[in-house]
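Before any comments, here is the structure.
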Amino acid sequence: MSSGGLLLLLGLLTLWEVLTPVSSKDRPKFCELLPDTGSCEDFTGAFHYSTRDRECIEFIYGGCGGNANNFKTLEECESTCAA
């Protein structure tokens, strides 16, 4: 295979890796935790990954405490946990 062909193959494999969604086996374990509002009362919207619904869902977060299945943006939740 020529060097141009190898570069093209490497580029395609890299693109595939970037665009392939997170699979359940690659998903961090904390994505399986239930949403936890935490112990404070500075309520704001946050997102958690729902294993039941298989998507990121908004919930009310108290501003402190809670667990790792807590994201400020939908995009952050999806890129970390969503399949």
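Any Cβ shown, glycine's included, is placed from N, Cα and C.
The record in Swiss-Prot pairs Cys77 in a disulfide bond with Cys56, which is drawn from Cys40, Cys56. When you check Swiss-Prot, the disulphide partner of Cys40 from the set Cys31, Cys64 turns out to be Cys64. Taking a C-beta cut-off of under 8 angstroms and a sequence separation of 6 or more, Cys31 (disulfide bond) has the following same-chain neighbours: Tyr49, Thr51, Asn69, Thr80, Cys81.
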